[in-house]
Amino acid sequence: MRIELQAKVWHNHWHPPEIDNHQYDIIVTSLTNSTLRFALESGKIAPHTMVNYSLNKAGPLALLGYEEDDTCVMLIFALSSTFAEYGPYLEMCASIFCMCCNFYSAMRFMHVGTYSTNFRIVMISMNLIVTGTALFRPIYVLVPEEVYSIEAGNCIAAVVMYTAAYFQHICTYTFDAKYLIIGLERRMAYKLRATYEHSQDKTTLKVFAGMVVTVWMIVTVKAICVVLLSHENVDRVFHRAFIMDGSFFTLVGAHVIALVGWVYGYYTFHYLNKQAKRIKYCGSSLSESFTIKEITNVIKAVRPVIIAYRTVVIVGFCVLTIITISFYLGAMDENDIYYQALVTFEYVMIDVYNVYSSGYMIWNLKPLRKAFLDDISCLFPKKVLITEVEPETIEKYDNEEETKIYFEQLTSSWK
């Protein structure tokens, strides 16, 4: 009886050369034997899993002429399997640290009066969104798939898991647009700098809310289309519909949004930095001078973080290029271990970036650093020797002279 087994590198646009039945039987038998041998030796195959740990051992290396028995292929396959298995634990550790930093900075931003209201709201919202992006992904990767399998009758667990993945999907797309949102807020601050400190204008917040709603609509429409148009088993359909890395095209969309957001953010901060330096001492009021200095301080703090994000975007597009070429030449799909390893690598890289950016922003935004140091000093109080000092005599001025001196000192403090 012929075993109908088609190699993954054949199933898309690339077709194998013509072979006769005898050659076909030899190829099928060889592939089947090596597959079963690896499955028995590694113990990686589980009936519930959607990830294919054995059938596509060569993966994208097959496009370079390597075969599954080559030493290079076996080594890379073993490394990919190990990283796909243990990478989510690295994500979880980084996510917990990132979550603590983001919740702390969000709490402190609420009480920092030296930043405008709109900027604080945007930063608090982005911190919470980053936390959602970082935390949910390792959870649904580490939880065994039979726990939330609909076919196995675990409907309640499936609702919980896919709902969490749905919100993580939204958080990820919003995170990818992070610098698009922050750049827009800073541009509005510069445009309305004369009144922005005490402005009740909600344009920035409306645009921010509009972006989140747009992302929500994209994710929802995509999920509905996948559910209605797919003909696979129900678990596979819901996996593609709601889980971020369950769909190749969803992954492409995330990279495109990240690239657009970074380009806009980089251009905006570069432009505002030049303009703010040009008019640094030209503020017509204290409120305008305050906003200009705030823009300068934020840009100074954010610049290294944007440079780090550029590295993330470049590496991410290199990974996407490998995945895209492999997909369209039939050497990879969403179930392959190579796909899982590459996606896990991207998430680990993003989590490392989140840890860096969260810690860096707390330390380099001076009000947050001051609050952080104050909190540390409260945890580790020191005994201070207090001595009474006689107050110096203060020369009395009339009201007009006092007012003049006060505003001269206040104006010089902003320079």
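Any Cβ shown, glycine's included, is placed from N, Cα and C.
Automatic, uncurated: that is what TrEMBL annotation is.
So that you can see what the record holds, here are the features copied from TrEMBL:
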- 89-107: transmembrane segment (TRANSMEM)
- 119-140: transmembrane segment (TRANSMEM)
- 160-184: transmembrane segment (TRANSMEM)
- 205-229: transmembrane segment (TRANSMEM)
- 249-269: transmembrane segment (TRANSMEM)
- 307-331: transmembrane segment (TRANSMEM)
- 337-356: transmembrane segment (TRANSMEM)
Where, among 119-140, 160-184, 205-229, do we find the most CB pairs under 8 A to the transmembrane segment (249-269)? 160-184
Any contact between the transmembrane segment (205-229) and the transmembrane segment (307-331)? By contact I mean 3+ C-beta pairs closer than 8 Å, pairs at least 6 apart along the chain. no
Contact check, the transmembrane segment (337-356) vs the transmembrane segment (160-184), 3+ Cβ pairs under 8 Å, seq sep 6+: no
